[in-house]
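Enquirer: Sharing a structure here in structure tokens format.
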């Protein structure tokens, strides 16, 4: 949930700003000087909204807009084509997202929750891996509070790049550019450009399209550049960090099951999960997925060692149907099952580390027939979704983790980048990588959402200009053309509102 302290700071801060603004504007002594100061600095204040506009950057915008005229013409032509395609594609994307949300709501409904625990676990796991392209983000709920800096920085940069696109395109089409500004609405930052509306209305629909599509076009290009930077990050950081030999532990949560004297520590290099080699973050995630979805793997043990370590036990069934044969309070012993030479399933309680250390993994006794001595494949008898995982992090002794693989995934932070020198921070590549991922996601989302033909978004003006450019010669009656545009806008607005409303409900009500 959203921390109460954060809400108090935000509401309290805005209340103080608004009251101070109200008092100064009401004061006989400060009213005129305060309003002159606001006007001089391009500031305007209203409840939960601060806006700053300046003409300082006008010279730079005009310089960019008049440089390489032919290249800019082609650049914004590409943007116009992209914008029109994105506008119509957004209907399909929003429709698909809405269907996914409805399907997820039906899957989570009480009527569907009567299925077995294994099938519900499978469906919840699959939903993790089939995430929607568009998803509502609520700080403190599905956006970690400790990543708000990345989020808002990426939002601001995406907004600035978006508006720079509009500004340069407008100057290229001979529309007067009045200024550039930044605003803060509650906690969300953004940017805007001030264009001379009369000039904008006098140019042709195609010219208008180039201007209106420029913002989402620049966001799309920024997202592509972010993807390129993410792919090339190992090469960019190669002089300082190397990759491909394992994953480095950067943080272990205080409540993580991996904490302990023989657990994982910051700076450990993990090379294997069970028999699954780990060379990067993707390998780590794939190995954990495989371990979670496949049956518990076994370990080969010789008959003599098994006889030496085992002792008489009384097995009993747990509530989930699995078998337990050790003391519930034991921190070192684990119940194992195996088949003897007569193919009879037996259970024995063994000290876990001695049983699985320096042994090969197996599925059946046949996998252990590598020597003349008799061997058995012993499999940990654990609760349904619990796994025993041997984590190799040399030179330390292997960690034996018992729990759900997802708990290891969510409570241990890792990176593929290993510093070449001791003075280098292990967090720097993570910071860069995380920020670039946010920039890709938010810039791409800004391009998609703004392309939707919806009231008050770029999509509204893109649609109007597109209809003016294509239907004016076909439909002589402007009222009919406007009616067509209105119904398309209405459909896009309803579709977007439905996605946002249901998305918020899914995020906050679950």
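Glycine is no exception: its Cβ is also placed from the backbone N, Cα and C atoms.
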Enquirer: Identify the transmembrane segment range according to Swiss-Prot, selecting from 220-242, 243-265.
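Expert: Going through 220-242, 243-265 one by one, Swiss-Prot flags 220-242 as transmembrane segment.
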Enquirer: Does the record from Swiss-Prot show residue 134 and residue 508 on the same side of the membrane?
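Expert: Membrane side for residue 134 and residue 508, as annotated in Swiss-Prot: different.
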Enquirer: In Swiss-Prot, which of the ranges 420-437, 438-455 has the transmembrane segment annotation?
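Expert: It is 438-455 that Swiss-Prot describes as transmembrane segment.
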Enquirer: Could you check Swiss-Prot and say which of 328, 499 is marked as N-linked glycosylation site?
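Expert: Record lookup in Swiss-Prot returns N-linked glycosylation site for 328.
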Enquirer: What range among 48-59, 60-71, 96-107, 108-119 does Swiss-Prot record as transmembrane segment?
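Expert: When 48-59, 60-71, 96-107, 108-119 are checked in Swiss-Prot, transmembrane segment belongs to 96-107.
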Enquirer: Fewest other CB within 10 angstroms, which one of the recorded positions 162, 163, 166?
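Expert: Counting other Cβ atoms within 10 Å of each of the recorded positions 162, 163, 166 gives the minimum at 163.
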Enquirer: Over the topological domain 'Lumenal' (243-437), what does the predicted model average in pLDDT?
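Expert: Across the topological domain 'Lumenal' (243-437), the average pLDDT comes out at 89.
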Enquirer: Who are the long-range neighbours of the topological domain 'Cytoplasmic' (505-510) in its own chain, taking Cβ under 8 Å and residues 6 or more past its ends?
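Expert: Apart from its flanks, the topological domain 'Cytoplasmic' (505-510) reaches 101, 104-105, 108, 136, 138, 141-142.
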Enquirer: Hey, which of 75-95, 96-107, 220-242, 438-455 has the most Cβ-Cβ pairs under 8 Å against the transmembrane segment (165-177)?
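Expert: When the Cβ pairs under 8 Å are tallied, 75-95 comes out ahead.
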Enquirer: Do you know the DSSP helix, strand and coil residue counts for the topological domain 'Cytoplasmic' (505-510)?
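Expert: Its residues divide into 5 helix, 0 strand, 1 coil.
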Enquirer: Given a Cβ distance threshold of under 8 angstroms, which distant residues of the chain, six or more beyond its ends, lie next to the transmembrane segment (220-242)?
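Expert: For the transmembrane segment (220-242), the nonlocal Cβ contacts are 82, 86, 157-158, 161, 416-421, 424, 429, 432-433, 436-437, 439-440, 443-444, 447.
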Enquirer: When you scan the chain for residues with a C-beta under 8 Å from the transmembrane segment (136-160), skipping those not six or more beyond its ends, what do you find?
Expert: 1-3, 6, 182, 187-191, 219, 222, 434-435, 438-439, 441-443, 446, 499-500, 503-504, 506-508
